[in-house]
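Scroll down for the structure; my scribbles are underneath it.
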Amino acid sequence: MKLLQRLMKDKLAAASLCVVAATLLIGLCAPLIAPHPPNEVNMELRFSGASWGYWLGNDHLGRCILSRLIYGIRPSVLWVLAALGATAIIGAFLGFAAGYFRGKTDAVIMRICDVMLSFPGYVMTLAIVGIMGAGLTNILIAFVMMKWAWFARVFRTAVMQYADADYVKFARVLGIGHIGIMTRHIAPIALPEIAVISSGALGSMILQISGLSFLGLGIQAPHAEWGMMMNEARAVMFTRPELMLAPGLAIIVLVSAVNFLSDGLQKALDPKLMLSEKRAKAGAGVIPPRLSGKEVA
Amino acid sequence: MLGYALKRIGAVIPLLVVISFLTFILNGLSPMDPAEVVLHAQGVPTITEDLIAATRSELGMDRPLLARYWDWLLSCLQLDFGSSYVSGKPVWSLLGPALMNTLNLTLVSSLFIIVLSIALGIVCALREGKWLDLSVRSVSFLLTSMPSYWLSALMVWYFSVKLDLLPTSGMDSHLSYVLPVAVIVIGYAGLYFRIIRSSMLSNLNEDYVLYGRACGLSERSLTIQVLRNSLQVAVSVFGLAIPVILGSTVVVENIFAWPGLGTLTVNSILNRDFPIIQAYVLVLAVAFVLFNTASDLLNTAVNPKLRKGI
Amino acid sequence: MKRNRAAVLLAFLLVIVLLAGCGEGNNNKKASVEQAPELVYATAKDVNDMNPHLYPGSLAAQGIVYESLVENTPEGIKPQLAESWSISEDGKVYTFQLRKNVKFHDGEPFNAEAVKLNIEAVQRNAAKHAWIKLSSKLDNVVAIDEHTVQLKLKEPYYPTLLELSMTRPYVFLSPKDFLNGETKDGVAGYNGTGPYKLDEQVTEQFARFAANEQYWNGAPQVKTITAKVLPAGETTLLALQKGEVNFVFTDDRGADSIDVDAMQRLADSGDYQIVRSKSMNTKMIVANSSNAASPVSEKAVREAIWQSIDRETISRTIFNETETPAETLFSLNVNYADVGLQKRDYNPEAAAKLLEEAGWTKDGGAEVRTKDGRQLSIKLYYDVNSASQKTQAELLQSETTKIGMKLELVGEESPAIANRRSTGDYELLFNQTWGLAYDPQSTITAFATESAYRFTTSGIPQAEELYRKIDAVMVSTDEETRKALYKDILTIVHDEAVFIPITNGSVTVVAPSNLQGISFKQTQYELPFEQMRFE
């Protein structure tokens, strides 16, 4: 909560947080907010401009662009967030295990991490989509497979840092079980840092998923997704450039908000982050994950 | 140093073996029978059971997995990645030129990214908090948040169609480089500029700067000292950046019809041309590991303190 | 101060050089649009392997380099490399008189021996050519003399000449290019007898063809043709606008990617013209009648789908009338196809009624109909690379929702779709007939072929009768029986509604406005470039 307070002092970060939160909310309540069903075809309204009934106009099938934009939040943002959550949980679990039990568990998990990290993320995503076929699910699976190792590393470092702390030793003496110690003492400390990494990864994941949809490797029709909407607009890019505008701006606004937020989080966390960053550097000359985890789609 | 280097390189070899194995079994994830994929990819209009059986044995699919892996690994070491399912040409004859084209694009872009992000990083760090710093940072944030295809479309529309200055696509002349390079640079410069800037800043806040200042060293020589230390970070950052950029030019290549790895891979994905996808993953993963190790070694050579870490 | 001035001067020079460079590039391009002594056409896919006895290559490119014995034209079979031919009484022996003084691009003579070598090389790789029934009917080839060759069949087969006219595999490559007397494992060169020869090929970038000055039918007017690889869609459009390419046609796999409005704008600018062929093929949805677990195994469901497709709207909005509504599997200009089949109009109410009568009912306020506890939910597969298929699928999905049928759309890459078709792992999928040169005989043969439409047809009650008639029609020697058999076959598949037609596709060409002599072949894959000329 302290983190949130500190974050709120940074006006830009606070505004970004509002944008992101609003987006999530709109996405969650899409059926309540969207003025029309997103897949309702109306060929009479093909390529119509903005009107009272359709604020952002209609696409090549006469569907309401605003409604599609709103429903597009779900795959573009919510599903990415869910994948990120799954990744964080897997990473956290393995990272905790490695850092807490040390020894062989640590060695095995870290070797697996090394292997996973040595595949460039974007390349692997493409490969998995290429072999298993196009589709949102496969992209999300690829994300989880490629990103968990980053989280595992961070959690391990965090655990290593705090497992030796006096209060954890104390708790152990008191006879509190492993899981108790993990959830009660170590998790809260590692969480802020995870928030920073996740928010950093979120921006690039949103860009990547829309990029893949744009290439036609992403989500299935007729579901709305921002990259897919741009792919559809691309065909008529020079006769009706305005169709590129809405989904493009939506992505830019959201991703910049996420990036500003991540930056704000980093600043709010600065003292602690510096510490762990030094450790990580001393580790094996690896760049702090929050930097390398980023790729631009 | 030599001992460390050997150790580090020694650690890479098993890693490469594991990577190659994972890449090899990647194909197993496919829900489709490779033999049928080959036949469809070759455009054979009608496929019979006999033809599938014949193709399977032609592909060596009837042999045990490990034996196939071993043969595949040996031939990969000689740059023989098998033949494309679609054209039947050796994979390397397709991948090699594409790799060179992508490398060209990547290197030119990386050069601009490095120069731009170091220059901006330094300037902004020295002017921390001033309007220049703030505006450059906000702009960089906005630019990194732009989907590259959106940006590409915009730039093509403006520079190629409206102004008619640059070619829209292809790789015909030096002018063809301008737009794709610009899009890649815009995507990445913002990211790496921030890293340089923050490493400059953290160096500027180190004790030795304070000490130097107290001793009356000129600001200029202090800045140079800080620069030197920050450049170390830059070396390791860019060592990793190059393979990352190499692996993510896909969208840009597709839009600009750049005959590189990205275009090749997306086409292969759409045609299920597994050997090319496989070779692509292997080549880039190996490049990634090698760049990583090299930048690591370079770093430790500059900064011996890091060696104790292992 | 001096240094400053030098820097300014340098910067100035740099700007000038850059501007000059840009300007120059510009002028060159403008010039190429105006004079255009050559054609540069955009292709979404690399020309690929030009070996005419295998299938990866581009048909359009192979079509101008290689030739067959006879040619398929709207007026029927015409001589090409064979000047004349005769067919024996029993329909089993074909004797061809070859054209004299024809040379391959490498100077080798085209003669009976070359014909024999080529056809035998194709036959030794018969497994790959199973689709073309001639490959299994052909017994042997005899070179009677230098210019006479005889093909002997095991049994009479009426489409023999049709199949010999196809762009592959029965076309002729210089025997000098064979590897160890074979063509199935690659060839040493691509020397055909056609109006153009392959000049240079850079993978994934371009292939250039030069006019064959020694062409037996007179050297072509357009001296150079370049196939430039460009991603479909707006990239191609831009390249056209800037003159980087000056010719586009809907090639392989229905690359229907250029926005029709944008194309019209190009034509309005005066630099380009648009030429459309007559109907070439039929775009359709194929229903898997043998998939017992799926609702599409019921005739009523298939008919309901048929009646919920608004072909007029699809033709008008999605294709801007470049494709016309199709009411039957083959358009009426296809041989033997004008058999008076009953039209099934767009009629959602009738479709709903059909479903109701078949026992698919809406319980209470349910959105989707059910029958015996099963939902009326069907998967429709489309090619992710085809924008128009996707759009049509979305439109259809929205239509069927209104009659209580749920369509689930699944976009896949074209090899995956082909795989589903041949393994029967589908309910509905998009497909197209093969084109005038192949319709109806090749498409109808495919009804019975395992890897083609066997799963589509085998679930209907008259399947056995259908297959028997298909076998019979191919060996029939009498025109009247053939007509009757085709009528029966087409009526059966029409009544059962397993091939649900949507539109008739045609070839669209965008060419420089001063290009004359643009005509079409009997297939949507090739164009007769040799007849074109600049005015």
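Cβ coordinates come from backbone N, Cα and C, glycine included.
Under the heading transmembrane segment, TrEMBL lists A:12-34 (among others).
If you look up TrEMBL, you'll see A:73-262 marked as domain 'ABC transmembrane type-1'.
Taken from TrEMBL, the feature transmembrane segment covers A:77-101 (among others). The list of residues near the transmembrane segment (A:77-101) in space but at least 6 beyond its ends in sequence, with Cβ under 8 angstroms from a Cβ of it, reads 23-24, 27-28, 109-110, 136, 140, 143-144, 147-160, 163, 178, 182, 186-187, 190, 194, 198, 201-202, 205-206, 209, 254.
Look at TrEMBL and you will find A:122-150 (among others) tagged as transmembrane segment. Nonlocal intrachain contacts for the transmembrane segment (A:122-150), taken as residues 6+ away from its ends with a CB within less than 8 angstroms of a stretch CB, comprise 75, 79-80, 82-84, 86-87, 90-91, 94, 112-113, 116, 197, 201, 205, 208-209, 212, 216-220, 225, 289, 292-293, 295, 297.
Marked as transmembrane segment by TrEMBL: A:194-223 (among others).
Annotation comment: TrEMBL describes A:243-262 (among others) as transmembrane segment. Residues 12-13, 15-17, 19-20, 23, 56-57, 59, 65-66, 69, 72, 76-77, 196, 199-200, 202-203, 206-207, 210, 226-227, 229-230, 232-234, 236-237 of the same chain, all 6+ positions outside the transmembrane segment (A:243-262), place their C-beta atoms under 8 angstroms from a C-beta of that stretch.
If you look at the transmembrane segment (A:12-34), the same-chain residues 6 or more away from its ends with a CB under 8 A from one of its CBs are 64, 66-67, 70-71, 73-74, 77-78, 81, 253-254, 256-258, 260-261, 263-265, 267-268.
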